[in-house]
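Here the structure is laid out as C-alpha cells; the discussion comes afterwards.
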Amino acid sequence: MSPSLKMASGLLGRATRQLAAVEAIPSSRTIPILRSTMQCRSYAQAQRPRCQNAPVSFIRNQFSTTAFRARAKTMGQLRQRNSTGPFSWKAAALFILTGAGMMLYFRVEKARLERKRIAEMSKGVGRPKVGGPFVLKDTDGKEFTAEDLKGKYAFVYFGFTHCPDICPDELDKMAEIIDKVKEATKDDKLFLPVFITCDPARDTPQVLREYLKEFHPDIVGLTGTYEQVKHVCKQYRVYFSTPRDVKPGEDYLVDHSIYFYLMDPDNDFVECIGRQDTPESASKVILEHINDWKREGRPLKTE
C-alpha cells in the first residue's frame with residue numbers, strides 16, 4: 001500500500017472512534033432536556049389521585065376468594081362459612097321476628113276494622129236502632145237521661161230486684177267486668193254500668209239503692225213510671241212482660257230479655273253481651289272497643 005493510502009485509512013479510523021465517543025457522552029444541551037423530562041414524569045405521578053385504584057383494591061380485598069379464605073383461620077371455619085353464606089343465624093332470627101310482628105299487626109288491625117264495620121252497620125239505614133232518648137230517675141231521685149250516657153262507654157242491663165236467679169248471676173258478672181275494665185284502663189270514670197228496672201212498681205229508688213250496693217257501688221240504678229220504663233225498653237229492643245196493675249204486696253215475676261248493651265261515647269250501640277259470655281271474654285270485647293276509640297283520638301268525658 002502506498003504511503004498516501006495508509007495515511008487516509010488511519011485518519012478515517014481515528015475519526016470514527018472520536019464520533020462514537022461523542023455519541024456516548026451527553027452534550028451540555030442534552031442533559032437539561034433529560035432532567036426536565038424526568039421531573040415532569042415524577043410530578044405527574046405525584047399528582048395522580050391515590051383513590052384512583054381504591055375501588056379495585058376494595059373489591060379485591062372484600063370479594064376475592066383469596067381474601068375470603070384468608071379470613072378463615074381453620075378449615076372448620078371455612079366449611080361453616082361455605083354452608084351458611086351471607087344468611088347468618090342473627091339474620092334468620094330478625095327475619096322471623098319481623099314476619100311474626102307484621103302478622104300480629106295485620107291480625108289486630110283486621111279485627112279492629114271488622115268491629116268498626118259492624119258498629120257502622122248498626123247505624124245504617126233500614127236497620128233497627130238500639131238505644132235512644134229517655135228520661136228516668138236514679139237512686140237519689142234525680143233525673144237521668146240518655147244524654148248522661150254520652151262521653152263514656154255505658155254498659156246497660158235490664159232486670160228487676162225480685163228476680164230469683166238470673167239477675168243476681170248477671171249482676172255478679174257485671175261486677176267482675178267493672179273491676180277488670182277499671183284495672184285495665186286505670187280510669188274510674190270511663191266505664192258507666194247501668195241497671196234499668198223492668199219492675200217500676202216495686203223497684204223504687206230506695207229499693208234499687210239497697211239492692212245494687214250488694215253487687216258493686218259503681219252500678220247506676222234507674223227507675224221511673226211504667227210508661228217511662230216501657231219507653232226505654234222499646235228504645236233498646238228489650239222484651240219484658242210485667243203486670244201493669246198489681247196490688248200492693250202481690251208477688252209476681254217479670255219476663256225480660258237477658259242482655260248487656262254496650263253503648264259508645266256517642267250513645268250508639270256497638271256490642272251485645274249475652275249469658276254465654278264470661279267476665280273475661282266480655283271485658284276483652286269492651287276493652288277492644290275502648291282502645292279503638294282512643295286510638296282514633298276521639299274525645300271522652302271522664303270527669
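Heads up, residue numbers simply count up from 1 along the chain you see.
Each Cβ is built from the backbone N, Cα and C atoms, and glycine gets one as well.
Just so you know, TrEMBL annotations never went through curation; they're auto-generated.
For the Cu cation site, TrEMBL records Cys163, Cys167, and the single candidate of His231, His256 listed with them is His256. Sequence-distant neighbours of Cys167 (Cu cation binding site): residues of the same chain at least 6 apart with a C-beta under 8 Å from its C-beta are Gly159, Phe160, Thr161. According to DSSP, Cys167 (Cu cation binding site) sits within a helical segment. The DSSP secondary structure for His256 (Cu cation binding site) is strand.
In sequence order, Phe158, Gly159, Phe160, Cys198, Cys233, Val238, Tyr239, Phe240, Ser241 are the residues of the chain that are 6 or more apart from His256 (Cu cation binding site) and have a CB within less than 8 Å of its CB.
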